[in-house]
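K.L.:
Dropping a structure here in structure tokens format, bear with me for questions.
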Amino acid sequence: MASRQGSKSKKSNSSHPRAVNSPSSTTTSSSKHFLETSLEGLSSPASSSARSKPQYFYSESVPLDVERSKENVTVTVRFRPLSPREIRQGEEVAWYADGETIVRNEHNPLIAYAYDRVFGPTTTTRHVYDVAAQHVISGSMEGINGTIFAYGVTSSGKTHTMHGDQRSPGIIPLAVKDAFSIIQEVVNDLLNPAGQNLRIREDLQGTFVEGIKEEVVLSPAHALSLIAAGEDRWVDAVNAMKELLVWQWSTDMLDLQISIYSAAEVTQYLH
Ligand SMILES: Nc1ncnc2c1ncn2[C@@H]1O[C@H](COP(=O)(O)OP(=O)(O)OP(=O)(O)O)[C@@H](O)[C@H]1O
């Protein structure tokens, strides 16, 4: 993959076929529809020398932003810079990012491909993650299945983008970190102000909150007074910690458990 980030307008002669090959591409779980054209014989935009047969694609005015929000698969292209070795060997840039959605051929500007998002060689992995991947992680925390994968020719930058290193962590470590920060939860007992930051545990009977106060209620009035007391504390808790309150009734036992669960747990509970 060799590239440069251009500043040319994307309105002229751009088309919307999906390339058979691309620089390091990241596919995530939402996106827009592209018109497709057979590209047999076309070389990869990731290659650093222009080997492609001349192919001409003509402009179709697809409303990119409008369409993007409706789709579930997105294709993102990331160009890496030429390596020092490639520069020494006199390799040349063959494809470049023309704006934020177009990959254009350096030698024949009539050849262009449209993607959901195109990142030039100076873009950081953090930015790629924020724009193209983060929403998949946050979506998965809300119960929406998502997949992020990278493909591209050898040496196009897949490992760099997905794994990265200490200095520039890739999408995988960034996603793991994000996921854990999202599920970081605080469970507080609404019936007992001292019951803060309780631990969620699991035993043979199922999941339970360790140390949570349980009240046996024998009358509707008693139950409602407990709910009212819990609600007062809940308002503060929700504001402070964005938690969600779930009332669990166990009618056969005639007791009422009042627990606070994080939003993530509630999602799991409801499904
Ligand atoms: N965005 C980038 N900025 C700077 N260097 C990069 C970038 N992307 C890749 N590189 C460098 O380019 C080289 C090839 O990248 P990488 O190993 O990630 O490619 P790959 O697609 O995983 O290759 P392979 O399929 O052969 O495993 C590495 O030296 C990597 O550090």
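Every residue gets a Cβ built from N, Cα and C, even glycine.
Heads up, here are the entries from TrEMBL:
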type	residues	note
REGION	1-51	region 'Disordered'
COMPBIAS	22-31	compositional bias 'Low complexity'
DOMAIN	72-271	domain 'Kinesin motor'
BINDING	G152, V153, T154, S155, S156, G157, K158, T159	ATP binding site
K.L.:
Validating a neighbour-count step here. Other CB atoms within 10 A of the CB of S155 (ATP binding site): how many?
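P.N.:
Step by step: centre on the Cβ of S155 (ATP binding site), count other Cβ atoms within 10 Å, giving 15.
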K.L.:
Using a 10 Å cut-off, grab the number of neighbouring Cβ atoms around the Cβ of V153 (ATP binding site), all chains included.
P.N.:
17
K.L.:
Near T159 (ATP binding site), which residues of its own chain have a C-beta under 8 A away, given they sit six or more steps off in sequence?
P.N.:
G170
K.L.:
Specify the count of other C-beta atoms within 10 Å of the C-beta of K158 (ATP binding site).
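P.N.:
Summing over all protein chains shown, K158 (ATP binding site) has 22 other Cβ atoms within 10 Å.
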K.L.:
In which DSSP state, out of helix, strand and coil, do we find K158 (ATP binding site)?
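P.N.:
Where K158 (ATP binding site) sits, the three-state DSSP reduction gives helix.
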K.L.:
With every protein chain in view, what's the tally of Cβ atoms within 10 Å of the Cβ of S156 (ATP binding site), excluding that atom itself?
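P.N.:
Within a 10 Å radius of the Cβ of S156 (ATP binding site) lie 26 other Cβ atoms.
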